[in-house]
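What follows is a single structure, written as C-alpha cells, with notes after it.
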Amino acid sequence: MREERPIIALDFPSFDDVKDFLEHFPEDEKLYVKIGMEFFYAIGPEIVHYLKGLGHSIFLDLKLHDIPNTVRSAMSVLGTFGIDMVTVHAAGGVEMMSEAKKVLGDKAKLVAVTQLTSTSEEDMRDCQNIQTTVQESVVNYARKAKEAGLDGVVCSAQEVELIKAATADDFLCVTPGIRPAGSEIGDQKRVMTPQEAHQIGSDYIVVGRPIIQAENPWDAYHEIKKQWNS
C-alpha cells in the first residue's frame, strides 16, 4: 500500500538541528522520517525514542550487512525500538536476510538495499566486479530479498516496474533519489521527480535536501507531498 507522506531524510549532524527543523511543522503533523547511519551512530537510540514520542513514523536506514547470526542479534535489538521500517543489504545473502526477517517478524517492515542510487555501472564493474547492468543487478537482488521473505527493497524509481514484474505487485519499492523538477541532483545519479515516482509505481519516496535545506521546509514538504499524490 502506497504511503502518502514523503519520507524526510533527517541528514543532520546534531540532535539540536533536528529539533530546530521540526519547529517548522505544527505539533499535530505526524511525519515519516528517515534516520541514517551518521545520525544514529552520533546520537544512538535516544533519537528514535524522541521522534516516536512525538508520534512520527521511523525509517531506520542502517543497511545491516554481516554474518547471519550477527545481523539476527542486531535486528532483535532494533525490533524493540518501535521503528516502522529498517534496512539490510541484499548483498549479505538470502540466509542473512531471512534470519533478520525471522527475528523482526511483523514489528516493522524489512527492506533490502539493492544498489545505492550513487552507484554507476562503472562502479559496479570496477569495485564490485559485477559485469551486468545496474538494472539487472537490482532485479536479481530484489528476487533474493523476496525469496528471503522481506517486505521489499530500496531502489531507484527507474527500476520499480522491473522489480514489481520480477517479484509481486505488493512487494514494496522504497525510492530515494527523488528531486522536484528543476532541482539539483547532487551526488545521486539515478533520480526522478515525485510525480514520475508515483506514476511508475513507487510505494515510498525518500526526500532529503530539497526539504531540509529549503528556506521554508514546511512549504517544501507540502509541495513535494502534493506532487507525490497528484
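For all residues, glycine too, the Cβ spot is worked out from N, Cα and C.
The active site, proton donor annotation in Swiss-Prot covers Lys63 and is backed by sequence analysis. The substrate binding site annotation in Swiss-Prot covers Asp11, Lys34, 61-70, Thr117, Arg179, Gln188, 208-209.
Remark: of the binding-site residues Pro68, Gly208, the most isolated position is Pro68 (fewest other Cβ atoms within 10 Å of its Cβ).
Sequence-distant contacts of Lys63 (active site, proton donor), defined as residues of its own chain at least six apart whose C-beta falls under 8 angstroms from its C-beta, comprise Met37, Thr87, Val88, His89, Val113.
DSSP gives Asp11 (substrate binding site) a coil state; it is part of no helix or strand.
DSSP gives the residue listed as 'active site, proton donor' a strand state. According to its DSSP assignment, Pro68 (substrate binding site) is helical.
Residues near His65 (substrate binding site) in space but far in sequence (CB under 8 A, at least 6 apart, same chain), listed by position: Val71, Val88, His89, Ala91, Gly92, Met96. Within its own chain, Leu62 (substrate binding site) has Gly36, Met37, Phe40, Leu78, Val86, Thr87 as residues 6 or more apart in sequence whose C-beta sits under 8 angstroms from its own. Using a 10 Å radius centred on the Cβ of Asp11 (substrate binding site) and all shown protein chains, the other Cβ atoms total 16.
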